[in-house]
Amino acid sequence: MNNGEERRLNGEVEEDDEDDEETNGGLAAWERAYADERSWESLQEDESGLLRPIDNQSLHHAQYRRRLRAASTSRIQKGLIRYLYIVIDFSKAASEMDFRPSRMGVVAKHVEAFIREFFYQNPLSQVGLVSIKDGVAHILTDLGGSPESHVKAVMGKLECSGDASLQNALDLVHGYLNQIPTYGHREVLILYSALSTCDPGDIMETIQKCKKSKIRCSVIGLSAEIFICKHLCQETGGLYYIALDEPHLKDLILEHAPPPPAIAEFAIANLIKMGFPQRAAESSVAICSCHKEAKVGDGYTCPRCKARVCELPTECRICGLTLISSPHLARSYHHLFPIVPFDEVSLSLFIDQQNKLPKACFGCQQSLLGPGNKPSLCVACPKCQQLFCLDCDIYIHESLHNCPGCESTRHSKIPTANEGG
């Protein structure tokens, strides 16, 4: 290889290096590594002034227990049949890259997770999606109980342009939610990226209309606090928070998944007619009332008008009957009678009674002793006094909704009672 070829190859390598630097903002490799990982944020100072890694598991459990105590401070009525519109800001402010890869991408990812969690915790509820861009509000999906259709609609509309109009969004959702029956809880969750709102009229009148229609509006901001958003939440009884980073945004969004407390003056007891449809035979052919097309096999038959629907829960398009299945009703039960929070076991008590207390978690049977046989954090059920690790504590309260210790004690007493009889 001659000198000319060597220079030409070196020139190509140098050009590639320059392109890499341009695509990465002109940062060197070691700078990009620190900028991506932000490793200094994973350190904290202990009592002696030394730096040590943050115990993310303990922090997550502490935040979870604070939410659990706040939710169980009093027995309150909750809205189990919810009609929620998620309003997503797709204005040019959503293309900002302070969240990676952008505000829009991060919001879309966490909205997908929220929709699935929402339907898991609220099987009798319905969700609709609204987007804001170019000063106009658009309906992405109507109120419905299918998480897949909502997720598909969000992921297919990831484009940002123009300004945001909070008033147009509120007017749009007010027109739909105002038709909801009185037993349904009307809610709006706004994910707002902009620092202003471009409205065609007086937004204060729109806020009063939402308040009069008993629509609970909550806002999660991705930039700075805005007075009009705070005023909207205060007037309608919603929550207003500003996301500090992506994990904080995820926590704020998921806090809206459990049913909110019902406002006393609006919590009116109602008897609701519901139908439990039968699943259609695999070989049957019928026209689906949802999509107005013929389908084979899949679907359910309304017990009142015999119309075919694709999925549950939903409302019959022909007769208006609410259609659900018995598992949906059973999954809503745990919100009415939640399991009590477990008590934290102090390390001093654990050390004093180490020979008496069990050394393994009652749920997963993993050891409660850490490295060097030192006791780790654990909790105890106030009823059966069984010990559980932190992971089992979260699993029991968020997914299982039954204490294994109490259930095993209750079932062990049944044969004894029968023998005595």
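Numbers here mean position along the shown chain, with the first residue as 1.
Keep in mind that glycine also has a Cβ here, set from the backbone N, Cα and C atoms.
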If TrEMBL is the reference, give me the range from 86-103, 284-301, 302-319, 338-355 marked as zinc finger.
302-319
Which residues of the same chain, at least 6 past either end of the zinc finger (302-319), have a Cβ under 8 Å from a Cβ in it?
123-124, 126, 144-146, 275-278, 280, 286-291, 295, 325, 328
Work out, from DSSP, the number of helix, strand and coil residues along the zinc finger (302-319).
0 helix, 4 strand, 14 coil
